[in-house]
Amino acid sequence: MASNTLRHDGAGQTGAADPGLRWGPLLLLVGVAVGLRVLALLLAKTDLYVDEAQYWSWAKVPDFGYYSKPPLIAWIIAVTTALFGNSEWAVRLAAPILHGATSLVLAALAARFYGGRVGFWSAVTFLLVPAVSLSSLLITTDIPLLLAWSFALLFMARWLDDGGWGNALGLGLAIGVGLNAKYAMAFFPAAALLYLLLTPEHRRRLLGPQFWAAIAIGILLIVPNILWNAAHSFVTFSHTRDNANWSGPAIHPEAMAEFLGSQFGVFGPILFAALLAMVFGLRRSANRPADRFLIVFSVPILAAFTLQAIIKEANANWAATAYPAATILVTALLITHSKPDDAKRRMLFRASTGLHGLIAFVLLVAPAFAPSLWLPKIGNPMSRVLGWSDYMSALGKEAQASGARTLIFVRRGDAAEALYYLRDTPFAIAVTPPEPGARPRDHFELTRPFTTALPAPGLVVLPAPRDTSAPVAWPSLDVTTEAEEGRIPVARGVTKSLEIAVRKVTWQTP
């Protein structure tokens, strides 16, 4: 490989000709993996998680923005549910399909950098990463983000090698689409700028128009969302800032350790250990331009969120954009290079692939048996996606029996689940409004705050305290109590349960 190009030179590590990426077998393998995951969705006995139900409710009101996220996730769900209905599997359908597409993009990029063998196994590795296996059965904003990020990596590499306005346009479109999936896409132009500044042979490109045009295209595509935010007091940006929560000088080493520990589960223990080994110099593999490119688009992101964890906290998935590049980097590390310990590295790669394959199989089968799962000291590991339909069914019957016309929730999650599971009922759904002068804390406080213009009477709904002797903290509303509180028990798997408190109220409508 020439020192100023990222493209693979067509020779294997020992000088043998590289056969190139075999697209036929790869497409078949990815198609089978996607098909099995779609089948798992069809057979799953899980309910929508809170965020999934909220995204579905957004999809019913297409817009250029929502309280906590840009609009792409809602648009995707709007398409799949328009085609296949509102069942849980249809809401989640895009997840395995988009992950499959991401694996193919990474295969093309890895083959460009290291040859067809690394390209093939990079796709397989990505599909089997534990976080990908899990998120293939859920619908989250990270899924379209990773696809857009991977396309941006591919177009960036092509632009660096070949130039051209077509590659710059593709890069800009990928950045713009990614920003509409999740604002974390903003790390990409920052990493691209860092790479150009650190690479002397490419630094001159900053003086030309193509890179800046790509950035401008990306910004242009997020302008509708910015305008939506401007019309809603920039609630999404405020929410994102609050999530980071950098106020105060406190240092939290335990949060950093927890975040780094979680990455062994996200990426896999062997793969993440190999990545750390490279970062800390135990493996000096950053000799090739492709290595350096992939390091810049992965390691700084992990470092940034490790710093975030030290200052406050960081969720395990926040560093997700580090892993498309890291997948290729670690795969190349473990299955290429002619060095004395090749056999050991290949053994580690096989062990990682086997372990991840086993995890993927368990995650594929588990949703079909979700209500009956049980683990010692944990109980039902899928309880967060269980019990919601039963909860809402029981609540609907209670509301119907009491003559309630409006359901008033204290928690965002309960309101989201009610919108989904009571979608075919006549009840109005509202949440307790924010305090006077306070900004909304979630999308439903922004769009569905309780007002006396809603049809009376209603039921106020909130989780009952686990301590049965503790009083229920009923919200302060401009209503009159018509009946004392009632309780609704809800099972969540074989070991967990939830009790809901309800109170009938009424008010004078204008």
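Backbone N, Cα and C atoms are what each Cβ position is placed from, and that goes for glycine too.
Keep in mind that what you see is a predicted model, and the values were worked out from it rather than measured.
Residues or ranges marked as domain 'Glycosyltransferase RgtA/B/C/D-like' in TrEMBL: 68-228. Annotated transmembrane segment per TrEMBL: 26-44, 64-85, 97-114, 120-138, 143-160, 180-199, 211-231, 264-282, 294-311, 317-335, 355-375, in sequence order.
Counting same-chain residues at least six beyond the ends of the transmembrane segment (143-160), those with a Cβ under 8 angstroms from any Cβ of the stretch are 6, 72-73, 76, 94-95, 98-99, 101-102, 105-106, 108-109, 112-113, 135, 167-168, 170-171, 174-175, 177-178, 181-182, 184-185, 188, 192, 202, 205, 210-211, 214, 293, 297, 320-321, 323-325. In summary, the transmembrane segment (120-138) lies against the transmembrane segment (26-44): three or more C-beta pairs, each 6 or more positions apart in sequence, are under 8 Å. Counting same-chain residues at least six beyond the ends of the transmembrane segment (180-199), those with a Cβ under 8 angstroms from any Cβ of the stretch are 69-73, 141-142, 144-145, 148-149, 152, 156, 205-206, 211, 215, 218, 221-222, 225, 236, 240, 289, 292-293, 296-297, 300-301, 304, 318, 320-321. Below 8 angstroms of C-beta separation, residues 102, 106, 109-110, 113-114, 117-118, 121-122, 125-126, 129, 131, 140, 142, 145-146, 149-150, 153, 184-185, 187-188, 263, 266-267, 271, 274-275, 278, 283, 285, 290-291, 293-295, 297-299, 301-302, 304-305, 308, 345-346, 348-349, 352 of the same chain, each at least six residues beyond the ends of the transmembrane segment (317-335), sit close to that stretch. Ranked by Cβ pairs under 8 Å to the transmembrane segment (64-85), the stretches 211-231, 264-282, 294-311 are led by 211-231.
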